[in-house]
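I have a structure I would like to understand better, so I am pasting it below and will then ask my questions one at a time.
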Amino acid sequence: MAKVAVPGNGNVFLLDIEGTTTPITFVKDVLFPYIKDNVQEYLSAHWEEDECKQDVHLLKKQADDDSKHHRSGPVHSFDQTVHTDEEKAIQEVVDNVLWQMAEDRKTTALKQLQGHMWRAAYTTGKIRGEVYEDVVPAIRKWRRLGMKVYIYSSGSVEAQKLLFGYSTEGNVLELFDGHFDTNIGAKVESKSYQRIAESIGCSADNIMFLTDLTREAKAAEEAGVKVAVVVRPGNAELTEEEKSHYKLITSFSELALPGSA
Ligand SMILES: CSCCC(=O)C(=O)COP(=O)(O)O
Ligand SMILES: [Mg+2]
């Protein structure tokens, strides 16, 4: 496959995780089932702790917002205040989390709780973050050339740091200059990419965003960010129009950097 040229003014890489640095199967077959299998037990064990209370508070705010916008059935909009029965209250949160996951929602509330739950799984060695083998060598090369590398994922910053801190490649957190999650905005909104450029302190067209999802690529492009769509096994199929519109790569090694051989 011909190399995809990174524009001459591009000196910042912004990387998606699921489907880009990491197989979708790791997220769908390892990370998400861990949440489904453990959420009830986790909430029961941590219910009285501040961190857990904050997570539940955020989930409740999201559920209230969803109800207002008719996004969920009544069972998924829980109201802790009416519950004296802890078990029932926990069950409502569990139902909400499972419903959000069935819808593959990327709410900050869901992602925050998930990040906290994965902490124990990573630190006890139960799971290790899967990273495609072309990713670390490519990033090391980019960094040698003076480029900056950031992550932007729907997974919380804490979840991102766990994935790369306890990865199949070891602790590779030093490869990243920073992390962004949905606290900066949704990945399908172009404003989020403008905010990221402001936060990094560069113009949008200095950034090259790599993602598997064209709805994210489109939003980034609208903000003036350069994009390439990453084609990995198991990623969503692209239409012929998408294939001809976007620069496509199947490995990070296919990116040709300005001034490099
Ligand atoms: C980084 S933690 C696990 C991934 C996750 O929860 C997720 O929603 C992936 O979203 P992405 O934006 O990286 O495709
Ligand atoms: Mg992705």
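Start at 1 and count along the chain as shown; that gives each residue its number.
Cβ atoms here come from the backbone N, Cα and C positions, even for glycine.
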Name the one residue among Lys126, Lys141, Lys161, Lys187 that TrEMBL lists for the same substrate site as Ser153, Ser154.
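For substrate, TrEMBL names Ser153, Ser154; of Lys126, Lys141, Lys161, Lys187, the listed one is Lys187.
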Under a threshold of 6 Å between Cβ and any atom of ligand 1, which of the binding-site residues Asp16, Glu18, Ser153, Ser154, Asp212 are retained?
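Within range of ligand 1: Asp16, Glu18, Ser153, Ser154.
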Inside 10 Å of the Cβ of Asp212 (Mg(2+) binding site), count up the other Cβ atoms and send me the figure.
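Asp212 (Mg(2+) binding site) is surrounded by 21 other Cβ atoms within 10 Å.
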Name the residues of the same chain, 6+ apart in sequence, whose Cβ is under 8 Å from the Cβ of Ser154 (substrate binding site)?
Glu18, Lys106, Lys111, Asp181, Thr182, Lys187
When you measure from the Cβ of Asp16 (Mg(2+) binding site), which residues in the chain that are at least 6 apart have a Cβ under 8 Å away?
Ile151, Tyr152, Ser153, Lys187, Phe209, Leu210, Thr211, Asp212, Leu213, Glu216, Val230
I'd like to verify something. Among the binding-site residues Asp16, Glu18, Ser153, Ser154, Lys187, which ones have a C-beta closer than 6 angstroms to some atom of ligand 2?
Asp16, Glu18
May I have the list of same-chain residues other than Ser153, Ser154, Lys187 whose Cβ is within 8 Å of the Cβ centroid of the recorded substrate site, in sequence order?
Asp16, Ile17, Glu18, Lys106, Tyr152, Gly155, Asp181, Thr182, Ala186, Glu216
